[in-house]
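Worksheet: one structure, shown below.
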Amino acid sequence: MKRTVRRRSSAWSYFEQVGANFVRCKKCDAELKYCGGATSTMISHMAAKHHVSIPLRSAARGSWSETPPSWRAPDTEEESAFNPEREPSERRRNKRSSVWDVFVKVDEEVHCKLCDTKLKYMSSTTSMMYHIKNKHTENPQNNSVAMPTQAQVTKLVTNMIEKDMFPISVVDGDGFRELLADIVHSYNVPSADEITRSIECHYQEKAADLRMQLATVEKVALTADFWTAMPSQKYMTVSCSFITEDWQGKSAVLHTHKLPSGGQLTAECVAEKLFSTTQAWMIAGKVPACVHNDKENIQLTQGVAQVTWNYVSCFATTLQLAVSDGLSEDVLQIISAAGRLVRHFSHSSPAAQALKEKQAQMCLPQHKLIRSNRARWDTVCDMFQCLLEQRWAIKAVLSDRTVTSKHEAQTLEIGDDCWQVMENFTPVLATLKWATTVISAETEVSISNIYPITFSLVQTHLVPKENDVEQVSSFKLAVQKSLRDHMEVDSSDLASNPALIASMLDPRHKHLNFLMPAGRLAAKVKLHELVSKLDASAASPKDEQLETEVTPDLSQTATARKPPSNTKNTMMLLLGDNYSSSYATDSEAQVDYYLRDIAPSLDINPLDWWRLNGPRFPKLASLAREYLCIPGVSLPSLLTDAGQSFAVMRTRLNPEHVNMMVFLNRNASI
């Protein structure tokens with residue numbers, strides 16, 4: 001009788017025995033319990049975890065042969081890869097688990113990059129997969145971690161450069177490349193040339209969209225912002241503002257011109273840059289005015305033949321000049337002393353810590369001291385307000401000899417008379433700051449507020465009071481005089497100023513109560529004159545239809561209608577069907593009816609008012625689009641954090657990319 005041996009299960013092709021009671025999977029290093037020669041657990045593991053089907057022994061499982069049968073040929077590619085009889089060099093290399101994109105191995109542990117969780121590593125990725133599935137649900141299913149694609153990461157890098165206005169060469173930096181390599185595995189950082197081409201394509205798309213918008217609007221106001229980058233390179237950024245068909249105010253940057261460096265900038269050069277911009281964007285005949293922040297360079301361009309628009313000074317710049325004119329030597333010394341005090345607490349850690357303790361003891365707000373900036377006079381107001389708030393805490397620290405030496409205290413101490421000046425000075429500066437904040441609001445119509453605010457400052461807030469100290473009275477008079485000169489408050493031709501015309505077309509200010517009767521009459525005459533010019537031009541079909549309805553031909557009406565049967569119908573025949581209509585059709589009637597209408601409250605948006613009432617005053621609505629689109633300040637505002645941040649970021653740009661980068665940064669929302 002032949003001796004036979006028991007047939008061995010093919011499951012052992014994928015497992016090896018570890019000790020007496022455990023087996024380890026050769027594919028994933030998972031350890032399973034092994035009892036009495038049963039392989040069902042191993043077969044189930046291969047089917048569930050690795051999708052490998054291992055057939056059970058057939059009915060002939062009790063048959064015996066003299067030698068073990070040859071191994072079954074692998075059914076799948078995956079089986080073939082793990083066949084132990086194949087040479088190691090022939091086996092297919094295992095695919096690296098995607099969990100290693102989220103985890104990093106440190107000694108005998110693995111650390112999650114997303115949440116810093118530490119797990120024990122036992123040659124298996126199962127615990128890491130469970131962690132990702134349970135703790136980071138934003139990742140896709142099936143125990144896989146989806147990483148951004150090459151295109152997605154490149155787009156994010158491009159957006160970062162556009163939003164933060166980084167030099168494009170930042171992508172060539174070693175530190176930047178190491179950062180991306182550590183965060184996004186297998187990502188090939190594109191070169192600066194590739195990023196430049198991507199940004200150029202985005203610029204072309206944005207420019208095409210903006211050009212389509214400008215083609216649909218009636219009037220487009222310009223702003224010219226002159227600024228300087230390092231090293232002493234001058235630029236002029238030309239922007240535009242307009243009102244859409246549905247009375248939405250919008251603004252956008254058009255072009256940033258590189259100006260000649262060295263020497264005096266000529267009026268012809270500025271005019272040529274502005275005119276070329278209007279030509280390139282096809283808005284040459286649509287520009288009513290240009291707002292600027294450089295009176296010296298702009299003033300002479302009005303004599304250039306190409307210039308057909310008015311010029312309006314940036315109100316923030318005008319107010320900056322007026323405040324500078326009002327700061328006397330005594331006030332500047334007080335500002336300097338206050339700055340030294342703030343600088344001491346900023347640089348001395350013991351003094352800063354002592355100030356915090358004194359603030360807590362005195363139940364004062366835990367505010368840090370603010371230091372003024374020479375380029376921004378509004379920071380003087382902030383510095384004075386903060387010092388006055390923390391005055392007694394500061395004095396307590398300066399009198400504490402364990403923190404401040406006697407010599408330091410004598411140098412830093414501010415006299416009571418100076419504190420009095422600061423106390424009187426702060427409300428005046430705060431009023432001027434509020435005025436600039438209102439004018440600088442990007443979401444509101446601003447030009448119509450210029451003269452109401454100017455006259456309010458000149459006639460009320462800058463009038464010296466009896467209890468004002470000498471320095472404050474002198475400051476008020478000096479700023480008042482400077483504003484009168486710069487804003488031409490006493491000019492006989494004030495009614496022709498675009499800002500005053502805009503005030504008349506703003507329903508909140510149309511009564512011009514801040515002017516004398518003679519000034520209001522001159523402004524009304526000017527408004528009638530502007531409406532008459534519209535009449536001289538070709539009237540729209542809608543206006544012609546309205547005027548025809550108001551003054552019907554009596555002969556044609558008599559033949560078309562039956563003889564009137566009563567007095568009421570006779571009056572309608574003689575005076576017209578629209579006699580009692582609220583829609584004014586005659587030009588002069590439109591102006592008179594508009595001025596007699598009740599003024600709305602100051603908190604309404606004039607564009608919303610015109611959206612509802614434009615059909616009542618079609619000619620005035622056309623003028624409103626022309627003048628209310630003019631901004632009150634140039635871009636960016638001098639007294640906003642966003643404007644200051646943008647002003648700093650643009651100075652670090654490569655001159656070759658300034659125009660493109662400024663355009664994309666400021667027009668991100670278009």
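Heads up, the Cβ atoms here are built off N, Cα and C, so glycines get one too.
For 553-569, the entry in TrEMBL reads compositional bias 'Polar residues'.
The annotation domain 'BED-type' is assigned in TrEMBL to 6-58 (among others).
Annotation source TrEMBL lists domain 'BED-type' at 94-143 (among others).
Taken from TrEMBL, the feature region 'Disordered' applies to 58-94 (among others).
Taken from TrEMBL, the feature region 'Disordered' covers 538-569 (among others).
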Reported in the order helix, strand, coil, what are the DSSP residue counts of the domain 'BED-type' (6-58)?
14 helix, 11 strand, 28 coil
DSSP-assigned states of the domain 'BED-type' (94-143) in counts, ordered helix, strand, coil:
14 helix, 11 strand, 25 coil
Along the domain 'BED-type' (94-143), what average pLDDT does this model show?
78
